[in-house]
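Asks: Provided herewith is a single structure, encoded as structure tokens, for subsequent inquiry.
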Amino acid sequence: MKDIFYMKKAIKLAKKGSLTTSPNPNVGCIIVNNNIIVGSGWHKKTGMKHAEIYALKTSGEKAKGATAYITLEPCSHFGKTPPCCVALTKYGISRVVIATLDPNPKVSGNGVKWLKKHGILVTIGTLSKESIKINKGFFQRMTTGIPWIKLKLASSIDGRTALNNGKSKWITSDKARHDVQHVREKSDAIISSSETILFDNPLLTVRNTNNNDNNQKLLKHSKTFLKQPIRVIIDSKNRITPSHKCIKQPGLLFLIRIHSDNNIWPSHIKQIILNNKSKKIDLIDLVKMLAKYQINNILIEAGPSLSSSFLKLNIINELIIYIAPKILGNYAKPLFFLENYSNLSDVPQFKFEKITQIGKDLKLILTKHNSS
């Protein structure tokens with residue numbers, strides 16, 4: 001019971017870095033000596049000290065003979081920071097409780113081996129599911145080579161996204177649209193389509209988040225400014241031009257194309273060519289490519305065509321649906337364009353994770369049955 005109690009505190013600490021640690025995972029560490037917390041820390045940002053180092057420095061000499069509760073296996077290799085295993089030994093930690101092993105197959109288990117080799121008792125698996133949950137994207141990218149993929153949608157209660165003439169501003173309330181900004185800021189990349197850019201001309205940036213109390217706490221803990229997600233526009237027909245709003249906004253933007261054009265693009269715009277025999281953008285190739293850029297979490301914001309294409313590939317891990325108390329009717333545009341299924345067993349299936357009322361609207365979060 002003590003291990004669970006202290007690991008919960010370590011996981012709570014880890015969450016403080018949720019807006020700033022990517023591509024690294026969120027990690028927290030609590031150091032306990034004689035049932036007293038003598039040190040604590042969390043990983044704040046890539047390139048900065050790991051959680052264990054902050055906790056050890058705050059504990060000082062009191063770390064000798066203590067137990068360290070860490071939400072992820074401590075590193076044993078030299079990277080941007082020295083290995084945490086060495087520091088744990090140097091400070092005299094006698095026992096380490098680890099929520100879960102590092103999912104990176106190249107290093108998984110190495111930290112545990114190092115600790116045991118140097119005489120430290122190790123316990124593994126305390127609140128493992130909870131630790132994985134706060135790092136879903138990192139774990140998925142490391143184990144499958146594909147980031148965690150979220151699809152954001154907004155609809156009426158009859159599942160319609162726009163009137164037949166295309167008008168959709170605004171189906172949901174200001175509060176719901178404000179909440180979308182918080183969904184964006186927790187994403188490493190936003191995928192959209194040229195169709196969406198041509199029709200709505202959106203910015204696809206994070207904005208208007210400063211009024212959120214929880215966000216302010218996270219920013220205070222991180223001591224840094226939020227970075228914008230990488231914007232990824234699928235533009236197989238080269239229809240996006242330097243005049244579109246999203247292009248004029250600062251922050252890295254990928255134009256995913258079959259071939260490049262001769263436009264003069266700003267330095268933050270990168271044309272990425274994904275060509276194949278079908279002359280279409282392969283969405284699996286796209287998300288695998290984004291994983292190589294160390295992107296853990298992808299948010300899709302697009303119309304029914306692209307949303308349906310991703311859904312058919314069965315790679316959507318999470319649905320985020322904002323539902324407005326409006327009825328648009330059967331002539332309005334649907335959420336998806338899907339085939340005419342003959343059997344219910346063939347349809348895409350998700351499970352409800354959370355339902356929240358935001359202003360006049362509902363926010364539904366659903367995950368696949370096989371998603372963590």
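All positions are counted from 1 along the displayed chain.
Every residue, even glycine, has its Cβ placed from backbone N, Cα and C.
As listed in Swiss-Prot for this protein:
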- 1-122: domain 'CMP/dCMP-type deaminase' (DOMAIN)
- 1-145: region 'Deaminase' (REGION)
- HIS50, CYS75, CYS84: Zn(2+) binding site (BINDING)
- GLU52: active site, proton donor (ACT_SITE)
- ALA154, TRP170, THR196, ASP200, SER236, GLY303, PRO304, SER305, LEU306, SER307, SER308, SER309: NADP(+) binding site (BINDING)
- SER168, ARG184, LEU204, ARG207, GLU301: substrate binding site (BINDING)
Asks: Measure between the Cα atoms of every pair in ALA154, TRP170, THR196, ASP200, SER236, GLY303, PRO304, SER305, LEU306, SER307, SER308, SER309, the residues the record assigns to NADP(+), and report the largest value in Å, rounded to a whole number.
Replies: 28
Asks: Please name which of the binding-site residues listed here, HIS50, CYS84, SER168, ARG184, ARG207, is nearest in space to PRO304 (NADP(+) binding site), Cα against Cα.
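Replies: So, spelling it out, the nearest of the binding-site residues is SER168.
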Asks: Mind checking which of THR196, LEU204, ARG207, LEU306 has the fewest other CB atoms within 10 A of its CB? They're the binding-site residues.
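Replies: Per-residue Cβ counts within 10 Å for the binding-site residues THR196, LEU204, ARG207, LEU306 bottom out at ARG207.
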Asks: Counting other Cβ atoms within 10 Å, pick out the least crowded of the recorded positions GLU52, GLU301.
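Replies: GLU301, out of the recorded positions GLU52, GLU301, has the fewest neighbouring Cβ atoms within 10 Å.
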Asks: Among the binding-site residues listed here, HIS50, ARG184, whose Cβ has the fewest other Cβ atoms inside 10 Å?
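Replies: Checked HIS50, ARG184; of these binding-site residues, fewest Cβ neighbours within 10 Å: ARG184.
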Asks: How many Å separate the Cα atoms of HIS50 (Zn(2+) binding site) and ARG184 (substrate binding site)?
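Replies: Rounded to a whole number, the Cα-Cα distance is 25 Å.
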Asks: What's the number of neighbouring CB atoms sitting within 10 A of the CB on SER168 (substrate binding site)?
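Replies: Excluding its own Cβ, SER168 (substrate binding site) sees 20 Cβ atoms within 10 Å.
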Asks: May I ask you to report the DSSP-based helix, strand or coil state of LEU204 (substrate binding site)?
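Replies: Assignment for LEU204 (substrate binding site) reads coil.
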Asks: Round to a whole number and give the Cα-to-Cα distance in Å for the pair THR196 (NADP(+) binding site) and LEU204 (substrate binding site).
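Replies: Their Cα atoms are separated by 11 Å.
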Asks: On the three-state reduction of DSSP, what should I expect for GLU301 (substrate binding site)?
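Replies: Once the DSSP labels are grouped into three classes, GLU301 (substrate binding site) ends up as coil.
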Asks: Which residues in the same chain, at least 6 apart in sequence, have a Cβ under 8 Å from the Cβ of SER236 (NADP(+) binding site)?
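Replies: In sequence order, SER194, ILE256, ARG257, ILE258, LYS279, LYS280, ILE281 meet the Cβ cut-off.
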Asks: What binding-site residues among CYS84, GLU301, SER308 are found with a C-alpha within 10 angstroms of that of GLU52 (active site, proton donor)?
Replies: CYS84
Asks: According to DSSP, which of helix, strand or coil covers SER168 (substrate binding site)?
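Replies: The three-state answer is coil.
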Asks: Could you check which of the binding-site residues CYS75, CYS84, ARG184, ARG207 is the closest Cα neighbour of LEU306 (NADP(+) binding site)?
Replies: ARG184
Asks: Taking the Cβ of SER308 (NADP(+) binding site) as the centre, count every other Cβ atom within 10 Å, in any protein chain shown.
Replies: 17
